[in-house]
């Protein structure tokens, strides 16, 4: 949640254009990837048949082999990695591109089949790999690649060798490095000290060169921490801003304490005391009388209460059970570190710093902050957006959008500002970002003003302002850069962006792909000729995203 994360990165950028496709432009449309000269979003009545849904996808790609340029049979180039039925009854499948059995990094295709008809394909596949002679055996070992990544972290980030934790297993991938795909190791270096980090490295498997690196802070591995057996009760306490809240707790007759353990939602909501250390998760919060009014309790009261609000929002509005869709437990640690000016999702739990009292109050005191960070978890379990460049900016925008919608859902002094409750307590009216007016805090509100440098992972906290503005306009309407947008309200805006995130976006999606995904999501929900579809187009036109 840094206002500006000053992190260097080299990016993957995709330029796209929209074109009519196939025999009937009225029925089919395409978003074209200018870098790879292949489609990245195709929609319409693509293919009908009685085959299994995945067979329709393979058959269509083979039929359009000159367009997608996969080379060979599609079933030999793609591996089905996920299949589900969405709330509209569509079969949604995710495929990962492979080269001689090796995953192609970020090359994920999402397909929708409804009533025996293939209706859309989204995602960027790398063409003509069969025409390249790519190495499939590494010249350096996994251990060497990991040592190179850890040493680079020490040299460039922490200035000392970090106490690395177990991360995602290192794997070989085909990495689309600019115009030259190559064999690389994907290495994950996670650590909590001296500063938290969750770095992804692409290490050339031939010579150990660092091809790319970025900090995916919303993932890391926590320690233990066990729930208690007991009776569900309701406690009361005061939050960071002094407001009283009733919270679900658990009484353990064995220990004689009340714990911040909510057994009424999914697999539970658990809140821990970090005790100003950097070891996670800390101790499950305990209290002797079920009243949490001490000043030290405030951050825990808010973290616990707001986690429940976020759970309720996703369940009641979108039918989603916890961040993973399968009722995963929600764990939060407060009082992390001393005066720590940050909050982050670490792949398994939420972590909240106390702030320094001047720049930030305790981060759990902002309901939109809690909603923002837990939405990173939703993104991790759905689109898996790479936290760099435009895909990273979409990642951040989704968290801002749904953090704000959670705030409106709870009706707790809602507005279109981000982090206003906990940022610069001595300055009235200040915030981290604004969705209604991104330029208010120096963020771009139009694609022509986007940041194109390498800091902040390629501007993930900056360029998110472009998408935030589009979402605001879609909800509230208005005129922006001479483009008039008819608002459709917060609820419909949220449903469109949620459907785009969960059922259409892929790890390397960019702004143009997001536009196409939102248009298709609106068509799914409200009809292809609806005002909602027109408003989506207007909103993205207004911010210069086509």
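The chain as shown is numbered from 1 upward.
Cβ coordinates come from backbone N, Cα and C, glycine included.
Going through 396, 417 against Swiss-Prot, the one listed in the Zn(2+) site together with 372, 376 turns out to be 396.
In Swiss-Prot, the Ca(2+) 2 site is described by 407, 415, 417, 420, and among 368, 380, 445, 456 the residue recorded at this site is 368. Among the listed binding-site residues, namely 289, 368, 415, the Cβ with the most fellow Cβ atoms inside 10 Å is that of 368. The recorded positions considered are 372, 376, 461; of these, 461 has the fewest other C-beta atoms within 10 angstroms of its C-beta.
In the three-state DSSP scheme, residue 372 (Zn(2+) binding site) falls into the helix class.
When each of the binding-site residues 396, 407, 430 is scored by how many other Cβ atoms sit within 10 Å of its Cβ, 430 comes out lowest. For the recorded positions given as 373, 413, 417, 423, 424, the lowest number of other CB atoms within 10 Å of the residue's CB is seen at 413. Comparing residue 376 (Zn(2+) binding site) with residue 368 (Ca(2+) 2 binding site), their Cα atoms are 12 Å apart once rounded. Counting only the Cα atoms, the space from residue 424 (Ca(2+) 4 binding site) to residue 417 (Ca(2+) 2 binding site) is about 13 angstrom. All chains included, 13 other C-beta atoms sit within 10 angstroms of the C-beta of residue 291 (Ca(2+) 1 binding site).
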